[in-house]
Each structure stands twice: as structure tokens, then as C-alpha cells.
Amino acid sequence: MEASASNPPSTSPETSASTPETPPGPEQLDEEQVKKAVEALLAHSRSRKNANGLLLNENENFFLMVVLWKIPSKELRVRLSLPHGIRSDLADVCLFTKDEPNLSSEQTERYYKKLLNNHGIKTISQIIPFRTLKKEYKAYEAKLRLLGSFDFFITDARIRRLLPSHLGRHFYNRKKVPVSVNLQSKTLSREINDCIGGTVLNISKSGSCSTIRIGHTGMPIQHIVENVVAVAKSLSQKLPEKWESVKLLFVKTERSVSLPVFSSFVSSQGEAKGLRTRDLLKKVSKKSRKKTERALKRQQEKKEKKLLKQAAKAKPAPTTDAVAPKTGGVPTQDPAPQEETGGVSALPKAQDDSEDEIPLLVPLKETPAAGSTKIQKAAIGKKSPKKSPGPNTARAKKRKASPALETPIAAEPKTPGKGPGKKARVKEEVEKERNSSLGKKDPRQTPKKPEAKFFTTASSSVKKAPRTLTQRPKKPKVPQST
């Protein structure tokens, strides 16, 4: 047990060292393993024939199953040539040809028969021009009969793109798509023989597994093995990623189990490309290092951001503490608020010294809009003479009272103060505030429309003279004479 346990590690370095020297290719396919699988499948098919009493002439097809590492993004159709033909002489082959100009369908058929006889081709059983295909095989049942009556279809390369719309989906579902051939080539016999004797690999987007026809049970074993090896070599040349894209190979018949022939024995496609294990480890280590470096950088950036935030929060606290000892514990204020308070305090002093009893001075913070609201309120009060039942003389009295209300604003600077400098300051501040408030509107200010209406009504009422009631003398009643 100890010896068996010690053997695998000793062999592992040899295998790892041998992988780069022997790149992956069709040479890795073991012909002896393929031969054993083919013999087992032939024995199985013979036993089935004897058990079911089938005809001896009936042959089953051999298939090579190919499993790829990745599902291709596009459908592929690869033509592969084989050293030994997989179709017997009894196979029925159909050829679709182009319509020749100024010739009928029968004449075109005769023309291509002569062409094939001149090149010594006798494997094609029927020729169908494109015009007859459109007319005679338009119905669904006719297409099915055409599909079942032939084993293989060939078409002229000039009309290949026109066939799918006329053949239908059943040709493509049953993998009997016509193979294109150049009928104008000088080596026409070689092309047609390769096409009939060869095979086609259809790789679909729906899965990674596809099958290739490589022979039948009536062929000798060695011919089937040679066909398998030839297909493996052509796969290594025509697949998108060469031999690296091949994962598994199986051999099977139509009604048998698939037997494995080749396996790449790798866990990923990167290892199939012949990369060394050391190189893979280096790549993994580089990636891990980069990830760790990025994580460390992110952590450092987060720490720096936290420190900056803490410093920004702690900045205002030391500034207040530093200012307090300089003042000696006495709180100080900024010069700007002192000027404002001084300006505001000057107004009440002027109000106290004023001789008028009605204080109409407006503070600095208050805009002249507030004063206008007061005047408008007084004006609204004056507008009530329509409602008052008194005579028109009462209106004149109320009109006389309005200038008395507005006079104190004009007489504001006349109030005695403590000094002439203070009066001048008060005037300048009031004028500045008024000028600044002209451009800005106070949301509390009432609209100016009623004010204009009041003055218009007042002017109109001033122009009109007061009307006095004149009583006409009543006629004395004359007593009626009786």
C-alpha cells in the first residue's frame, strides 16, 4: 500500500513536464482503442440481426460523436474528406442544377448528363433543374417524396442560396441539406467524388455535441478506423480553436450505446491549450496580488476620508477656546452687529425726545412698505363715506385729517436729539433702506392698486363741488270755493 501511495506523486512531475513538449493534437488519439470500440459495435449489430432475423444486406451507419468545450456562437457546416467512401454504389444521389439560358428544363437536364459523362461520373442517379423543382415539387407531399427517395443531395454552387425557400424545413431537420459543388471546375470528377465519399459536420448553436457519419457496418474494420483518424486530423485544422476545442470523442451506431475513444482529461479549456501548470499558478498569483493591492488601497482611502471628516468636525471647537483666553473671559461681539444695534437704539432716543405724542418713526429693519400699509389702512377707512348715511360735508372733514397723519413722517428729522451728527446718521440710514427696498418687494406688502384708486377718487372728489340741497318753495294751497 505504501508503494502504491508513493507512485502517483513520482509520476506527476513527469506528466507536468511532458505536457508542454507534446502539444495537444490528433496524435493523442489511440488507434487501438478505436479498433476495439469498432469491433465491439460490429459484434453488437450482428447479434441484433440474428436475434431479430433481419436481412443480411441491411447495414447500419457508423457515427463519430464530437463533444466540444464551448457551444459555438454561430452554426458551422464543415465538409470533411474521407479516404474510404461511406456510401455504396447503390446509394441514390440527386443533383440540382441551374437553368441554362434559352433552354428548357429537359434540354438543361440532357446538357448536364453529357457534362457528367464526359468527366466519367456515374454515381449521380437523377438531375433536377431549378425550374422543375419550383413547378413539380411545390406541394408539401411532393417535397416529402423527394426527401425520402434519395440518400444524398448535391447542388450547383450558383443556386445554393435559393434552395432553402423551395425545399422546406424537413431537409434541414433530417440533416439532408444539399452540398454545394462547382460544376464549372476542370476537376469536376474529383470534387463530386470527394463530396459523395466524404462527410459533413453540422455544429449547431443549441449544444456542444454533434455527430459525423464515418462509415457503415458493411465496411471492413480497418477502413472505419482510418476514417476516424482522418476526421480527427481534419477537425484539428477546420475547427475555430483547432484541436483544443475538442473535449470528448465517441463511436456509435444508429441503435447502440456510444463508446468513448478520446478524452482530453483536463478541467478547463486553458489547460487544453498546452499551458504549463506553473504558468497558470503564476497567473493566479498575479491576479490575487492585484486584488489584495486594490483592497489595501481602498482601505487606506477610507481611513483617510474618516480622518479628514474627524478633523473637519474638531476644527470649530479649538477656535472658540483659543479666542476665550485672549478676551480675558469677557464676551465680545463683532463690529457689524454693534453698528446695527447702535442705529436701532438711536431711533427710540429720538422718539423719546420728540414733542409729538404719535410715534410714527419706523425702525431700520422695517421697510417703507410697512408704512405704506398703514397709510393704505387709513385710506381704506376713508373710503367708507359711501356707507355712512351722513351728508357730504363729513367727507371733507375726513379728507382734511389725512395730511395730519402723513405730516409726522415729514417732521421726523425736526425732533430734537442729543447731537446733530446722530440726526444725519439716522437720515442716511433711513434713505439707504428706502432706496434698497424700492427694488425688492415685501411679501407682506399689500398691492398698490387700491392706493391708486383712493387717490384717483380723492382727486375726482376734490374737483367736484359739493352739492347743497335746494328746496323749491311750495305753492300755497288755495281753498276750493264751494
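Keep in mind that glycine also has a Cβ here, set from the backbone N, Cα and C atoms.
As recorded in Swiss-Prot:
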- 284-315: coiled coil (COILED)
- 1-20: compositional bias 'Low complexity' (COMPBIAS)
- 293-304: compositional bias 'Basic and acidic residues' (COMPBIAS)
- 309-327: compositional bias 'Low complexity' (COMPBIAS)
- 426-452: compositional bias 'Basic and acidic residues' (COMPBIAS)
- 472-482: compositional bias 'Basic residues' (COMPBIAS)
- Lys252: SUMO2 cross-link (CROSSLNK)
- Lys427: SUMO2 cross-link (CROSSLNK)
- Lys453: SUMO2 cross-link (CROSSLNK)
- Met1: N-acetylmethionine (MOD_RES)
- Ser354: phosphoserine (MOD_RES)
- Thr367: phosphothreonine (MOD_RES)
- Ser384: phosphoserine (MOD_RES)
- Ser388: phosphoserine (MOD_RES)
- Thr407: phosphothreonine (MOD_RES)
- Thr415: phosphothreonine (MOD_RES)
- Thr457: phosphothreonine (MOD_RES)
- Ser461: phosphoserine (MOD_RES)
- 1-32: region 'Disordered' (REGION)
- 284-482: region 'Disordered' (REGION)
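Lys252 (SUMO2 cross-link) falls within a strand when secondary structure is assigned with DSSP. Computed over the coiled coil (284-315), the whole-number mean pLDDT of the model equals 83.
The DSSP breakdown of the compositional bias 'Basic and acidic residues' (293-304), given as helix, strand and coil counts, is 12 helix, 0 strand, 0 coil.
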